[in-house]
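Summarising the annotation, TrEMBL assigns domain 'Major facilitator superfamily (MFS) profile' to 1-398. Sequence annotations record features per position, and here TrEMBL assigns transmembrane segment to 21-43, 55-73, 80-100, 106-123, 149-168, 180-199, 219-242, 254-273, 285-304, 310-336, 348-370, 376-396.
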Amino acid sequence: MFKLIFNTYKASFSGLSKETWLLSIVMMFNRCGSMAVPFMGLYVTQSLHRSETDAGLIITLFGVGSILGSLTGGKLTDIIGFRPVQILSSIIGGLLFILFSSVEHFYTLCILAVVISFFSEAFRPANFTAVAHYAQEGTITRSYSLNRLAVNIGWSVGISLAGIIASINYKLLFIVEGGVSIMVGLSILLLLPQVKGFIQKAKANRNAIAIQKPWEDGFYLKFIALTTVFITSAFLMFRVVPVFFKEQWHINESSIGLIIGINGAIIALFEMIMINKIENKRPPIFFIVIGASLFAISYLVLSIPLGLHITMAILTVIIFTIGEMFVLPFINTVVISRSNEHNRGLYAAGYTLSWSVAQVCGPITGFYIANHFGYTSLYVGIAAILFLCAYGFSALNKTSAKPALEKENATYL
């Protein structure tokens, strides 16, 4: 039995490139330091003693910077390459996070929130492109899943430590995250190989090849629009729900960190095996529909009026996590299937833009609804939207979608 389990894990991880492994290790440490934003709502309300609306504003401003960072990072990735964008955004973002810890003036924090998230989010399309660049032929989805595995191991450890650190001093969260971000930038500089001649090659290709832009791809635009609504609703789990756990269910910060950390632990243990078993068995959107439905169910669990708060919180996170394992790896696959090496940065920027818009619209809307109509109304509404998204993805699946590309140069648009 143990040999079977070992062989299953071995098969799931075989065939991935050395660079894919190195990038994933760097990302694991990056996410270990991602402590501040999940506790931003608690920091503003508990440490700065501001209202929940102010907390929503700060988180929303992080989203505004993220939108600008996604667009800029994606464009720069296609012009100068993913590696310089990864390095500069990590180091500058880290320095700004450390600065954030020393500021208490609310409007200055608002400005810093925009600037920090600009640099932090510029990293995402660059990293998305890096995974595709380093992936061996036929390993695109598993390469992204390994990257997510590393991210979620880091997330699980980081969020658990963050709860402990927050119970001591919220400001330490920003100092630790800033320091880790700087180390990540330096690690990429030292460990991952340069892409020689990228700028010259990109310039030549722009002059010689008619490269399709994401906004000219009808299927992609519909998919990203639906994904944006989906992410905006679904991932309030890591923005609004921690405040709900604290203020409504009276769960302390350390426990909140451990409960949310279950998300990363489950993904670390099971996602790669699951992807290895189901990849290429059905169209990617089939699995996205399943995941979206599970997300909806997780929010319905939050709306059940039972007194077993710790148990219900854990159950919510488990259902949510299973849904996430079905959704996010295959969203990556759909996005990468629409692009090639010449426009991957812009396509990645479109996807990361979905997350940025979610940060802008989600938290402030979620907190507003919770304050004026109650958390139960919020959770039932989110569940309804997520079920509608599942239906929308299902309908989109019936239209013609290009199969996922596993060869870097398979398509020249």
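Cβ from N, Cα, C; glycine included.
Small disclaimer: the values here were computed from a predicted structure and weren't measured.
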Intrachain neighbours beyond the transmembrane segment (106-123), with Cβ under 8 angstroms and 6 or more residues off its ends: 48, 50, 54, 57-58, 61-70, 72-73, 76, 85-86, 88-90, 92-93, 96-97, 99-100, 181, 352, 355-356, 359
Contact set, same chain, for the transmembrane segment (21-43): CB under 8 Å, 6 or more residues outside the stretch: 52, 55-56, 58-59, 62, 90, 97, 100, 127, 130-131, 134, 146-147, 149-155, 157-159, 161-163, 165-166, 170, 173-174, 176-177, 179-181, 183-184, 187-188, 191-192, 238-240, 242-243, 246, 253, 260, 264, 363, 367
Averaged pLDDT score, the domain 'Major facilitator superfamily (MFS) profile' (1-398): 84
